[in-house]
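Below: the structure, in structure tokens.
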Amino acid sequence: MNRFFLGLSRLLAILGGIVLAVLIVIVVVSIVGRETGLGAITGDYELVEAGMAFCIFAFLPYAHMTGAHATVDIFTNALGERAHRWLLAVIDTVFAVVLIIIAVQLYGGLVSKMNSGQTTLLLQFPVWWGYLASFCAAVIGGVVGVWHALVRITEAVTGNSIAVEGGET
Amino acid sequence: MTNIEIGLWSFPALLLLIFLRVPIGLAMFLAGFLGLGIINDGFHIALARLKTETFTTFSSYSLSIVPMFLLMGHFATLGGMSQSLFKAAESWLGHRRGGVAMAAIGACAGFGAICGSSLATAATMGRVALPELKRYGYSGGFSTATLAAGGTLGILIPPSVVLVIYAILAEQNIAKLFAAAIIPGILAAIGYIIMISIYVRLNPKSAGVRPPVPMAQRFRAMFDVWPVLLVFGLVVGGIYGGLFTPTEGAAVGALGTGIIALFNGGLTWKTLMGSFTATARSTAMIFFIVLGAAFYNGFLAVSQVPQTAADWVSAQGYSPYMVLLIILVFYLLLGCFMDSLSMILLTIPIFFPIISVLDFGFVDFVTMQHDMIREAIANGAAQGVAQDVMDQINALMAAGEEVPRKLSAEVGVRLTELRANAIGLEYTAIWFGILVLIVVETGLITPPVGMILFIINAMDRQTPIVETYKAVLFFITSDLIRVALLVAFPMITLFLIT
Amino acid sequence: QEVTLKLHQFLPAQANVPKLVLDVWADNVEEDSEGRIKVDRYASMALGGTPPELMDQAIDGIADVVWTVVGYTPGRFPTTEVFELPFMVEDAREASCAYWQMFEEHMKDGEFSDVKIVGTWVHGPGMFHTNEPVRVPSDLEGMKIRGGSRLVNNLLTRVGAEPVGMPVPAVSEALSKGVIDGTTIPWEVTYALKVPELVTNHTEFEGAALYNLTFVLAMNKDVYEGLSDENKAVIDANSGLEFSVFAGGTQADADGPARQVAVDLGNNIITVSEEEAKEWDAIVNPIYEEWASGMENGDALIEEAKTRMEQCGENMADIDTYGDS
Ligand code: NA
Ligand code: NA
């Protein structure tokens, strides 16, 4: 089961990577257009902004599942194995709650941007498109967060190691 | 409790969370969220802010430079640039005493010129250079410490992710900060090389020597680093020269290194996916801290702490250099426990307002105005201006007094005090940013917690971390000497932007 | 007191609109309510967020009352843009009067149904403040100019400038760092933003204004509905046509003293005559058609705005002066 969520978040991260690559190409094409006089891509700036929000939301679940977040563990290393597992269980439960709150509130933002009809300044595409893409990734983030918290709690109760630390290289 | 008290109490609370191993981004987020809840008597406002704040934080055009530079670093590795850099440096320096270690520093500096991250530079160069150092009989601790120090060059030499974050927080020009980092970055590499030669003199057994390489081979090795020069020239040169924005530069660099890696055969479907997931991990780590910091700093701003702190410090009339010294020492201490990015995101919103109200004497309005007027007159701006106006201007300048703008406008000089102060503040901000960058990077190699020390040490299982700790003190000494130099002579930093 | 309202806006407290319009409104509300309502004033985005988020802050209750530039949220309030069209507005009082009337007629229950609108107004004539002198459109070729709304950015694109969208508080810094070569704003706000100390050229237009921006003073709907009847009556008495005309007129009247500051500094002030403005008008006029085609009844709205501005001008003497009760 952990492999399923790991695979899911990895897939999402790769999708984010593909979007990142597309944005890079857009920016470069725009520079070339501008410098050769063929004309830059209008609103490349806005495309990068909307796309980047999706990328980050898409990257978060995989980073979460593989323990990429920066921590200071020098003081907690002194804790016993058991206490340490319980500490992680508590932290990742709180983290899951935060990820859910983020997704739920982002939904609120999405609905309000949808109803308001707000667009970007230059391309004038609806702002909610970007919100919708980000929201989909944020939902997976919330689900992955809950799963990871369950894993941590199971680890604390049983003493077994389940979670995967560190990503592939 | 007043808002300011709530803001002040949030510091110990936040540090407690961080030291309890709560991820730093999450800790800042929680502190900001709870703090807003206490200030507003309920969470409705904190929740309402979340509706748009995550999206707007993540959709920043200037921050999009971060994943682009990270991807560029991965592509550079795949393209074999780390190997060719090391080979080139090694062919020239390897036969000297300590030469392979010096070559490793040189290669780190070169890789730093195409990689925005210290950890990536350390990890990449460690993989390439560590086996070589071992092969030529370099002692374990000396080898790991050398590569750890070399890793910090990844951030000091532009492009640099931490510098981008600083630029955004302090609202400074990324291109100018990159330019200002070049000389201190080169000084860092030179300082490390000097330290290596001192170290091998004191510990002759710590390094072996190998025979020199024929000249033809050296030039061939040097020729192989052309992609690095091309990418660095295009990216940093293009940004510095105003050809494109920093984000555009990062996109050019990522695509360029990607294409080079493709032609070198390093970029396959599998390694591309690996680059994406590795970029995803570091990017998400950074942006979650950015989000937490944005939320926490939003709370701090409402609590008025940064403004009050800046007013208080400026009212005390402390010497600007004393304040600067205290801040730098604080970073060195905090750096024993925390990584550079978190420190910058956590502290710059508080320290920068303090630094920006201090006068380091970079710009004097009257002197600047007089210089500009003299230059204008030398360029013939006085022609056609009434003689009595010129007499007035000359009299004021001779007396060392400010020339009213209406008069100076006659010779085309419209400098105002505001503009002069803006220039002075910019110099202060850039100089301070480079100093902070160096001390937080030093934090990455100071014991007991140094992220880079850990990364490199993990690659060399035979070397106890204590050996690394001992040898790295040499490089830390070099860092401290460099900071002292840059504090004493701001022009070293500001030279390329004035 | 019974109620505290958080009034949030983007300019420093001592800028003209906060000092001459918003403080007057807030003081009147406090006084008329005999102290039952207190208005806490938060300047320069002190409650957090960026200026484009102000409207949502009022809707979501992060602030109770906000003053905001409608153009910061493109696409949400398209009808207001009729007053942003180039060479449309000649007088801020007339336009603010017509704007309120059309707000009540067309926007109150539509575009603005999520908030309680207290007042609607426009600023004095919009103009250029630049590093290099600008007299004809070709002078702007390649210059990076800041615009405050999508129609202004459209205008900038048409005259050959490179538009940069940013809220007005960011202008000083962008100018001092050379991020932009100039900005569009009316005279009035140049003083608070120290623009005459950052650029040396100002281009103003005789006759109709090159462009205008529209403002609203907006209140959270639930907060308004939750007021007691007598407190509601206080807000109502300080809302509407008279207040809108007062706000637009006061803001436009502040143009003169701000212009004098630039004159005193020895800056170069270029006045484009009505004759010279024709060259500008020819280039930017297609914006009318473009805008109208994007609206359901665009042409009718343009005509209505023109007619109402004219009528407002004729009847200006009959409109009560705000605050004189
Ligand atoms: Na670098
Ligand atoms: Na450290």
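Here the Cβ of each residue, glycine as well, is placed from N, Cα and C on the backbone.
Marked as transmembrane segment by TrEMBL: B:6-39, B:60-81, B:101-124, B:145-168, B:174-200, B:221-243, B:249-272, B:284-306, B:318-337, B:344-363, B:429-459, B:471-497. Per TrEMBL, domain 'TRAP C4-dicarboxylate transport system permease DctM subunit' is recorded for B:13-491.
Contact check: the transmembrane segment (B:344-363) against the transmembrane segment (B:60-81) gives fewer than three Cβ pairs closer than 8 Å, residues 6 or more apart, which falls short of the contact criterion. Between the transmembrane segment (B:221-243) and the transmembrane segment (B:6-39) there are fewer than 3 Cβ pairs closer than 8 Å, counting only residues 6 or more apart in sequence, so the two stretches are not in contact.
With a cut-off of 8 Å on Cβ pairs spaced 6 or more residues apart, the transmembrane segment (B:429-459) and the transmembrane segment (B:101-124) reach 3 or more such pairs and are scored as touching.
Two recorded stretches are said to be in contact when at least 3 C-beta pairs lie under 8 angstroms, sequence spacing 6 or more; the transmembrane segment (B:60-81) and the transmembrane segment (B:101-124) meet this definition. Most Cβ pairs within less than 8 Å of the transmembrane segment (B:174-200), among stretches B:6-39, B:101-124, B:249-272, belong to B:101-124. Taking Cβ pairs closer than 8 Å, the transmembrane segment (B:284-306) reaches residues 3-4, 6-8, 10, 14, 23-29, 31-33, 35-36, 39, 49, 53-54, 57-58, 63, 66, 161, 165, 341-342, 345-346, 349-350, 353 in its own chain, all 6 or more past its ends.
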